[in-house]
């Protein structure tokens, strides 16, 4: 048991501690930056100084520091996070490492992402679930290409809060002049980032512990908060709840003949019993009869809550459909523009079919054209015939059916999708919807002979289904 938990248990008792812990807000954040900027050391210092390390973990770090550490006689706190043997031996981070800790004010999930360019896909994966990015800058080196790259990817993936931590201030004698020089350079670069971003820039030393949890005497000239104070006070819960109601249906829950509910997690906004809702892409409407949770029925539910909704009308809803408020303006389209992060050796090629999964909906799609590829070192763009591993580009997609979706910046759950290779079933890329384009009508040439024959058999043997004649429909 670590000392912080032990102290809280002594003060509150086990029931009081669990109750307090249950209602703490949760912040997911990632650390990113260039190679050897000290990301893993920073997380280790954060855990150590907030008393979140168990005694056996600390003993193991002391032991390993003698063998593979890089800090001389001091314990190498980066070893708390770099868990893979290859990472420890090379002194770098390869995979995305997750760590969990809590303070008296908040719970945290940390994603420690790799800094090397060839692991850009790992960093994008880590950023996709986070609310805030801690971007480390080496005080000796200043803003590097990788700093710009990770800032751009974090911005692309919808993160609105950035903490730029200028690390290794101990190696520049805690120079205020050097801090201000790097701060101005980063702020100038950040003008190119999309949307409204909240950027906080702080100096610190992860190795010595200055301004990580406590302010420290060496940075007395800095009047802002420490890193932990920033993380404890940033408001992300309000932002999640203020959007329009979006509820992707994950499962039709029918435990008996008397109950039919639609299970899922509310992506944004809120819903109340009695609200008029609309199912997309069908457009059929109803009203909410009950909101069922694990703890029983509630009258209202907000973003992030897993619920089962029952409706007053029996309308056709299945997995992959999207429930919104009746007056919501949501587009259903089979033609869209999206930023794509490519994650496999075989490049993305226009015209090739891929499985697309978006908010529980699975369909098939292909890239019509790659509008441009981003140079993520300077945010410029250039033409590209295909998208290579770790490449990011703006692509025009066509899907086999209409899908209800939002812009990714408005709602990540209903505006983000993954791209799956149809032969290997491997996830090969991730997409972020930028805008819906005019729907593409399928021509007769796009319909196979098998589909036409099946359509004719359905109309012949199941006339009560009232299926339309495909051959006649496509001639119009």
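Glycine is no exception: its Cβ is also placed from the backbone N, Cα and C atoms.
In Swiss-Prot, the region 'G2' annotation falls on 91-95 of the listed ranges 91-95, 96-100, 101-105. According to Swiss-Prot, the feature region 'G4' maps to residues 167-170, out of the candidate ranges 159-162, 163-166, 167-170, 171-174. Within the listed segments 17-24, 25-32, 33-40, Swiss-Prot records region 'G1' for the stretch 33-40.
In Swiss-Prot, the region 'G3' annotation falls on 112-115 of the listed ranges 84-87, 108-111, 112-115.
Following the DSSP three-state reduction, the secondary structure of residue 169 (GTP binding site) is helix. Just so you know, the Cβ of residue 36 (GTP binding site) picks up 17 other Cβ atoms within 10 Å once every protein chain is counted.
According to DSSP, residue 33 (GTP binding site) sits within a strand segment. Around the Cβ of residue 169 (GTP binding site), the same chain contributes 139, 175, 178, 179, 203, 204, 205, 210, 218, 219, each under 8 angstroms and 6 or more positions distant in sequence. In this view, the densest Cβ surroundings among the binding-site residues 33, 39, 113 belong to 39, judged by other Cβ atoms lying within 10 Å. The DSSP secondary structure for residue 39 (GTP binding site) is helix.
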